[in-house]
Each structure stands twice: as C-alpha cells, then as structure tokens.
C-alpha cells in the first residue's frame with residue numbers, strides 16, 4: 001500500500017547542495033509535515049507514495065531555498081533614495097534623516113513585508129536580519145511565510161526604538177519572547193558594529209548570547225575608516241578588540257569583512273567564525289572588495305548577503321552569487337576560484353551553518369525542512385543549457401524563479417504570493433514613499 | 001490641422017541621454033519614417049500630431065536603445081558549454097574544438113538569430129559584432145530587425161570560413177557588398193587580436209579602412225599573457241606595436257583594455273581611440289579589471305560590451321551597466337565614480353560614438369533614428385522609485401524591458417518578437433545543442 005504524504009515535487013533536475021557539486025535528474029522530493037521524508041527517482045516515488053499534491057517541474061531545477069545572510073529588510077522602502085555618494089554623505093545626509101523621519105513599528109512591519117515579497121519572488125526562503133523593531137519584522141515574515149533569523153539589535157545611541165544599550169537589549173528580549181513557538185523565527189543578538197557599541201555592551205551581549213545559546217551578528221571591517229577610527233580610539237583594529245573581549249567563536253558572524261589582513265583571516269579560521277559577504281553593497285558604497293578567495297582557502301565559512309536595499313538596490317541572491325563568483329576570479333586572476341557550485345553553497349548551506357541552522361535548512365536532505373526553490377530553465381534566451389548548476393549562477397536571474405516553498409508550503413509562484421495581496425504592497429509604497437521623498441535632496 | 005505621423009510614444013519618464021543626466025516627464029516622442037521628428041509634452045503632441053499609432057507608456061521610462069559594443073553573437077549556442085576554467089584550457093580544450101565541430105554559415109545564422117532575440121528582449125537595439133561568416137550574421141540581424149555593425153574578421157590561421165588573411169578579407173568584402181543598401185547593417189574591419197594578426201595584415205587592414213572610411217575593431221590588452229607574448233615576439237606591448245603600425249586614431253576601437261599602464265591610457269586619449277569595456281567577461285575569464293575610472297578621467301570614450309555568451313553568460317547590458325558602475329566604485333574606493341547616468345551613457349551614446357554612428361543613434365534627439373527601449377517600473381518589488389535613472393542601473397534588470405523599437409518598428413514586446421517565432425528558437429537550440437554537447441568534457 002502506498003504511503004500517504006502531503007506533497008511530492010517531481011524535478012527534471014535536482015541540485016541538493018549536499019553532497020557537494022551533485023546534480024540529479026528526474027527526482028522526486030517527498031514532503032510530509034513540512035519536512036523532506038524521501039528523495040528518490042520520480043518512478044519510485046509514484047510507486048511508493050500517495051501525495052495530496054504533486055507538482056511537476058518538467059523544465060526546472062530544484063534547489064534549497066536561498067538564504068540571505070545579511071540584510072536590513074526594512075530598508076526596502078529606501079531603495080534608491082540616494083546613490084553614487086560617499087558613505088558618510090550617504091548615511092548622514094540621506095539615510096539617517098530619512099530613517100529618523102519614518103522609524104516606527106508600523107514602518108518596519110510594512111517595509112519588511114515588501115522585502116519579504118521581493119525575497120520570496122527571488123527564491124529566498126530565509127533571511128538573517130538586523131534592524132530596529134525586530135518584533136515588527138517577525139510579524140511581516142510570519143505573514144509572508146518566510147523564515148527569518150532576527151537580530152536583537154543593540155547600539156549605544158538613542159532612536160525612536162530605544163534609548164540606550166540596556167533598553168535595546170530589553171526590547172530585543174521582549175521581541176524574542178513574542179515569537180517563542182513561531183516555527184519560522186529564530187534569534188541572534190546583533191550588536192550593530194564596533195563603532196556604535198561599547199566594550200561594556202559587547203561584554204553584556206556575550207554573556208546573554210552564552211546564557212541563551214544565541215549567535216552574534218555584527219558589522220565588521222566594512223570600511224577603512226572603521227578600522228582607522230578603532231585604532232585611534234582603542235589602539236586596536238576592530239577584530240583584535242572583539243577577540244580581546246572574547247567574542248570570537250563558532251557563534252560569531254561578521255558581515256562584510258572587506259578589509260582583512262592575513263593574520264586576521266587566520267584568526268577567523270582558527271575561531272571558526274563566519275563571514276557574510278555582501279559584494280554588491282561593498283562595491284556600491286565603495287567600501288572595497290573582500291578577500292573571499294583567501295578566506296575560503298583558509299577554511300573560513302562564507303555566506304552571501306544582499307545588505308539592505310538602500311545600498312544594493314536589489315535583495316537578489318542570484319545577483320550576489322554571480323557577482324561573488326565573477327569578482328573572486330577577476331581579483332585573483334584565477335578563473336577556477338569560486339566555481340558555480342561553490343557560489344550556490346555560499347547562498348545555501350554555508351549561510352545555514354553561519355546561523356547555526358544547518359541541521360534544519362541549507363540543503364535538500366532527508367530530515368531537513370522543505371525550504372525549496374524551483375528555477376525554470378526553458379526560456380529560449382537562456383538556452384542551450386549544458387549544466388544547470390552553471391546556469392543557476394552565470395545565466396539565470398531571479399526572474400526565472402517559478403516556485404518558492406517554506407516548510408513545504410508554497411509561498412510564491414509565478415508572480416503571486418500565498419499570503420500577500422499585490423494591492424497591499426502598492427499601498428505600502430504609496431503610503432511611505434512621500435514621507436521618505438521629503439528627505440531626498 | 002494636425003500633422004500626420006507614423007507613431008507617437010507617450011512616456012511617463014524620458015531619459016534622452018543628450019542632454020547629459022536629464023530626466024523628463026510626460027513626454028511624447030514623435031516618429032515619422034523611422035526617425036524622431038519631435039519630442040514634446042504629451043499634451044502638446046496630441047494637439048499637433050495625428051498618429052497612426054499611439055503607444056502609452058504610463059509606468060515606463062523610455063531610453064535610447066542600448067548598444068552592445070563588443071560581442072560575438074554566434075557564440076550564443078556555446079553559453080555555459082564550459083565555465084570556471086583558465087583561459088587557455090577554456091579556449092583550447094572547449095571553445096575551439098566546439099567551434100570547429102559546428103562552424104558553418106548555417107550555424108552562424110542560427111546562433112546569431114538566438115543572440116538577436118536575447119538582445120532585443122533585453123532592450124539592445126544595436127550590436128557591434130566580430131565573428132566568422134558575417135554575412136550569415138547580417139541575415140539573422142535583418143530577420144530580427146536589429147541594427148548591427150558587423151566586423152569583417154581577419155586573422156592568419158585557417159578555419160572552415162577562410163584560409164588566410166587575404167581570404168578573410170576577400171570574404172569580408174563579399175559580405176560587405178551583400179548588405180549594401182541594408183539600412184540596419186554597417187561595417188568595420190575586425191583584425192581579431194594582436195596575437196593572431198601579423199604586422200603585414202594590420203597594415204593591409206589600415207589601408208582598406210582608410211580607403212573605405214571604415215572603423216577598426218580588435219581585441220586588445222585583454223590578458224597579461226597577451227602582453228608578455230607580444231613583448232617576447234615584437235619587443236613591444238601590443239598597443240605600442242599597433243601605434244607604430246599607425247592604427248591608432250578616432251576610428252580605432254579596442255575591446256577589453258584590461259591591462260593598461262598610465263602612459264597607454266594617455267596614448268588612447270591623445271589618439272581619440274575607444275574602449276569596449278566588458279566587465280563580466282573580464283572577471284569570468286579572470287583576465288582582470290579594466291582601469292575604467294582612469295580611462296574616463298583622461299577623456300577616453302568607453303562603451304560597454306557583453307562579449308560572447310560563452311564567457312558571460314548573458315548578452316545583458318543591464319548586468320554590464322550595473323557591474324561597470326559598482327566595480328569602478330569598489331576598485332577606486334570612491335562611490336561617486338560612474339554615477340548611474342554615466343553607466344547609461346556608456347551603454348548608449350558612448351557606444352554610438354565608438355562605432356562612428358553618433359549622428360544616427362545613441363540618444364533620443366530630433367533627427368535621430370527611433371531606436372528606443374521602454375522599461376516598465378511598476379513592479380512592486382522594484383519600488384519605490386525615487387529616481388528612474390538610478391533604477392535603470394541599480395535596480396532594474398532586463399526582465400523589466402517591455403518594448404524595443406528599431407527605426408521606429410516594434411521588434412520586441414512582452415515576450416514576443418515581430419519577426420522571430422518562439423518555435424524557431426527552440427528548433428535552433430534542439431538542432432545544435434547535441435552537436436556542441438559532444439565537445440563538452
């Protein structure tokens with residue numbers, strides 16, 4: 001007798017990420033209660049399983065849902081509010097004034113919903129976020145049905161959200177309590193950056209992170225100025241300072257890591273730290289180019305992030321996969337660096353590891369959650385296709401994503417969202433754009 | 001009485017490129033006999049003109065058709081046939097054997113038609129090509145209705161197409177004769193590269209180019225090896241060698257220009273030469289990163305090219321605009337380098353200048369040909385839009401192109417081509433892919 005299951009996805013091609021650089025053909029992924037319970041030939045699956053629903057992907061490659069390892073979802077409404085400016089002009093004359101004008105729980109929920117829509121339509125099933133009002137972000141993510149690892153942001157200076165470091169932490173833990181039991185939301189602590197967080201606060205963060213078993217996510221070595229400032233103020237480069245404070249370890253995720261000297265790369269490797277590489281944002285803000293091929297060669301775990309929409313201006317991991325692979329080849333003058341399968345690993349399993357979620361997501365394996373993305377390869381202008389893995393990185397764009405599932409639930413398909421109305425997004429844009437426009441000079 | 005005209009395009013936004021960095025709103029572009037005869041407010045145009053057809057672009061930005069300044073259209077069928085390999089392995093073990101197996105007039109016509117379809121759908125209205133059997137490319141371009149500046153390729157070694165330099169030239173001029181009077185096709189002479197063309201052939205090319213008033217298009221300083229080899233063989237860097245042969249001047253277009261020392265940048269500026277910058281291809285083949293901000297600062301005219309689909313793997317100028325702007329900022333660590341409007345100029349008017357076609361195309365001006373591209377900005381996930389020019393470069397992709405006109409004729413719109421059947425492209429792919437697959441190791 002056939003076994004009853006919720007969903008069988010029949011895929012022309014399957015790229016499970018684990019095992020490494022593997023491409024399977026004509027495979028069924030069998031899903032029950034949101035989990036992958038079997039992966040086998042389409043013919044075997046139809047012998048073994050009676051599915052409530054069968055989705056036939058006859059011209060598609062099925063991959064694990066992409067994971068955006070560093071973003072600020074609520075900056076989606078600031079997409080293109082200011083470009084082509086030096087970092088400090090951009091921040092102090094454009095982004096911070098715009099942020100001050102709108103920052104509120106409702107703003108963060110609305111802007112995060114738009115970002116969740118954008119990410120789902122681009123095959124992203126999980127994002128690692130850092131922003132004010134994380135509770136509002138969790139509401140948006142829960143509505144959209146996308147997975148989120150939400151940083152409890154901490155910094156010293158007051159905003160509409162919180163007054164000081166203790167207040168940020170308090171509000172963060174309140175948020176954390178609010179989403180207990182929500183299967184889509186997980187937590188880390190997110191001290192904003194070495195230049196906005198004191199030693200004492202970093203120590204407090206470390207204590208809480210250890211007590212609660214949470215990861216730490218911070219901006220690190222993004223610009224030369226950050227490093228120079230730290231040397232002036234502390235007599236140390238930021239990474240050295242955090243090392244002295246005891247923060248480095250396998251629960252430590254540094255976003256950017258653009259400017260790293262060899263001994264720092266060794267230190268990151270030794271402590272088992274993780275890097276969220278954000279190549280578009282690093283180029284656009286002229287921060288520089290992270291030494292990714294060196295980091296990978298030393299065994300540092302590197303995932304990919306879009307950063308916020310204000311500095312990218314797309315929340316698009318297809319763009320980041322392509323750019324990270326191309327950039328590493330060009331910089332190292334070695335075309336074999338970051339082959340296509342490794343760029344895909346950075347956008348999936350590596351990111352899952354960096355968040356401590358590799359037992360749940362990041363690959364298509366039995367027992368993992370069914371966070372899955374289908375990419376349709378039939379369009380003539382992206383053919384012929386000799387190797388779907390190469391195509392995913394070098395040829396396809398996010399416009400080729402046809403289906404996005406989270407925990408086995410279809411959240412996006414062919415331009416439509418399960419839980420977001422098109423009109424809802426238009427209304428959000430129409431409400432907030434005029435308020436932000438005022439702060440565009 | 002209203003004046004009768006062929007077509008009026010009413011655009012929510014108009015980015016004419018000339019004058020520089022200009023964005024107009026609610027403008028009509030009035031077209032008669034393939035030319036732009038007026039640009040004025042939508043309300044004025046409806047008072048002045050009786051149009052056979054009115055196209056209302058209520059949520060779009062209208063730009064000049066994009067110009068792909070360096071490509072090998074017929075390599076479209078080799079898209080992704082081999083990736084992540086060093087240049088010489090890629091060429092000698094994959095591309096050249098594959099090329100030898102298929103190279104023929106029919107192959108070039110078929111593969112070029114696929115490339116023309118891809119380019120039209122991405123808003124490209126003109127391409128500057130270099131490949132064997134240019135007559136076949138002209139047949140494909142004429143069918144698709146896309147403008148092409150076709151290089152009469154010349155090199156020393158024999159292929160299925162020609163036996164020696166004299167034969168390449170003879171076949172080139174035969175092709176040139178075949179498309180006389182074809183309004184879509186123009187010509188240049190395309191000595192392949194310094195490492196495949198002798199001094200004597202370069203001199204012959206120069207004589208013909210001067211006699212016939214044709215431009216010269218060659219690969220130059222793409223890799224370090226090319227330069228080292230030239231120093232060994234000629235005691236000169238390739239640019240010096242070509243300078244001594246008298247080739248440099250305002251009719252000289254160098255593709256790539258990755259490795260250029262300061263004195264060479266000065267020389268290119270002094271002689272009024274042009275560069276076709278191909279950032280994706282240069283990164284993917286690990287050739288390096290061209291010093292574009294230096295070239296622009298010295299006044300060298302720089303356009304953008306995709307190179308062939310085998311080394312990109314998209315014929316997508318939206319990707320090249322974004323990458324060129326981001327890369328120049330990151331490399332120079334100056335976010336103000338290549339602002340959005342300049343990336344657009346590189347993909348339009350600069351490329352027109354480089355081909356000597358700036359009196360006909362490259363901007364939306366009265367008297368120019370109506371080569372136009374509409375980009376639809378209404379999709380929620382690319383909104384809000386504070387500045388359509390920024391959006392074109394940093395946020396949009398080619399998937400947002402809704403209409404492409406060449407000489408006032410609609411050639412592509414919403415997934416359909418005026419003169420190419422979807423089935424025709426499928427048949428081309430199905431016919432050639434198996435033959436090329438054999439040569440994929």
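Note that Cβ sites are derived from N, Cα and C of the backbone, with glycine treated the same way.
According to TrEMBL, the residue from A:219, A:221, A:391, A:400 that belongs to the Zn(2+) site alongside A:70, A:72, A:307 is A:219.
Recorded residues residue A:219 (Zn(2+) binding site) and residue A:192 (substrate binding site) have their alpha carbons 6 Å apart, per Cα-Cα distance. Sequence-distant neighbours of residue A:72 (Zn(2+) binding site) (same chain, six or more apart, CB under 8 Å from its CB) are A:129, A:130, A:131, A:307, A:308, A:310, listed in sequence order. Each of the binding-site residues A:70, A:192, A:219 was scored by the number of other CB atoms within 10 Å of its CB, and the largest score is that of A:70. According to its DSSP assignment, residue A:222 (substrate binding site) is coil.
Sequence-distant neighbours of residue A:222 (substrate binding site) (same chain, 6+ residues apart, CB-CB distance under 8 A): A:193, A:255, A:256, A:258, A:259, A:282, A:287. Binding-site extent for substrate: residues A:99, A:192, A:222, A:307, maximum pairwise Cα distance 21 Å (rounded to the nearest whole number). Neighbour count (other Cβ atoms within 10 Å of the Cβ, all protein chains): 27 for residue A:307 (Zn(2+) binding site). Summarising the environment of residue A:99 (substrate binding site), the number of other Cβ atoms within 10 Å of its Cβ, over all protein chains shown, is 21. Spacing of residue A:99 (substrate binding site) relative to residue A:70 (Zn(2+) binding site) is 19 Å (Cα to Cα, whole number).
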